[in-house]
Amino acid sequence: MQAACWYVLLLLQPTVYLVTCANLTNGGKSELLKSGSSKSTLKHIWTESSKDLSISRLLSQTFRGKENDTDLDLRYDTPEPYSEQDLWDWLRNSTDLQEPRPRAKRRPIVKTGKFKKMFGWGDFHSNIKTVKLNLLITGKIVDHGNGTFSVYFRHNSTGQGNVSVSLVPPTKIVEFDLAQQTVIDAKDSKSFNCRIEYEKVDKATKNTLCNYDPSKTCYQEQTQSHVSWLCSKPFKVICIYISFYSTDYKLVQKVCPDYNYHSDTPYFPSG
């Protein structure tokens with residue numbers, strides 16, 4: 001009966017079997033399992049009672065009651081004692097290994113529109129020299145690629161005279177009438193959407209030698225100005241309109257840049 005009981009315990013509950021054998025071998029050591037906290041029980045079993053609880057001794061005592069008496073000598077090194085902090089660290093590390101690694105964040109792909117060509121400062125310039133005035137106007141056009149573009153002008157003059165630089169539709173008539181220089185027809189207002197974004201004018205005066213008579217001193221006025229226009233769709237073609245008036249010289253000029261140069265669709269003038 002005793003042997004049958006041992007076999008049942010061995011097959012059903014191996015843990016209970018080991019504890020029972022430990023009690024049969026040395027009854028005094030069973031107090032280690034009853035006293036003390038649950039956290040330090042494992043540490044006491046594998047340190048103080050390592051000789052009495054060796055696996056080779058437990059197995060040999062178990063198989064001696066059988067007909068074929070066999071002693072098994074299994075080497076088992078006593079493990080090093082672990083502190084409570086070591087056990088917590090081990091549990092924390094094992095938990096971290098099981099957690100899935102976060103996916104690397106990919107940078108969003110920004111689809112940028114195809115930027116069109118632009119006119120630089122050297123692509124447009126107007127240089128006017130008279131006896132009493134020296135004028136230089138440069139400009140550039142920048143297409144922002146989002147349906148808008150900017151037009152910049154720089155004006156530098158020395159002498160006396162009136163200069164006007166503006167943007168007009170291609171249907172603007174070239175004429176000397178000052179009253180009609182800034183007038184835009186109603187039919188062109190839908191295709192011409194431009195406004196002044198920035199404007200600055202600096203003036204200074206100085207006395208220099210006269211151009212017509214170097215032996216005399218003339219009063220000259222220097223003017224520097226910067227202006228920028230912002231245009232947006234819908235638009236077709238813009239033209240640069242320059243009007244210059246002086247005591248000895250008059251000039252009205254309209255310059256329309258090649259629209260095919262900075263646009264995907266060709267422009268066909270009408271009217």
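Just so it is clear, glycine is given a Cβ too, placed from its N, Cα and C backbone atoms.
What Swiss-Prot lists as signal peptide is 1-21.
The region 'II' annotation in Swiss-Prot covers 22-97.
Per Swiss-Prot, N-linked glycosylation site is recorded for N23 (among others).
Annotation comment: Swiss-Prot describes N68 (among others) as N-linked glycosylation site.
Annotation comment: Swiss-Prot describes N93 (among others) as N-linked glycosylation site.
Annotation source Swiss-Prot lists region 'III' at 98-176. Looking just at the region 'III' (98-176), the mean pLDDT is 70.
Counted within 10 Å of its Cβ, the other Cβ atoms near N146 (N-linked glycosylation site) come to 11, all protein chains included. Among the features that Swiss-Prot reports, N-linked glycosylation site is placed at N146 (among others).
N156 (N-linked glycosylation site) counts 14 other C-beta atoms within 10 Å of its own C-beta, drawing on all protein chains shown. In the three-state DSSP classification, N156 (N-linked glycosylation site) falls within a strand. Positions annotated as N-linked glycosylation site by Swiss-Prot: N156 (among others).
The N-linked glycosylation site feature in Swiss-Prot is assigned to N162 (among others). A strand conformation is recorded for N162 (N-linked glycosylation site) in the three-state DSSP classification.
Summarising the annotation, Swiss-Prot assigns region 'IV (linker domain)' to 177-185.
Annotated region 'V (Cys-rich)' per Swiss-Prot: 186-271, in sequence order.
Of the recorded residues, N156 (N-linked glycosylation site) and N146 (N-linked glycosylation site) place their C-alpha atoms 31 Å from one another.
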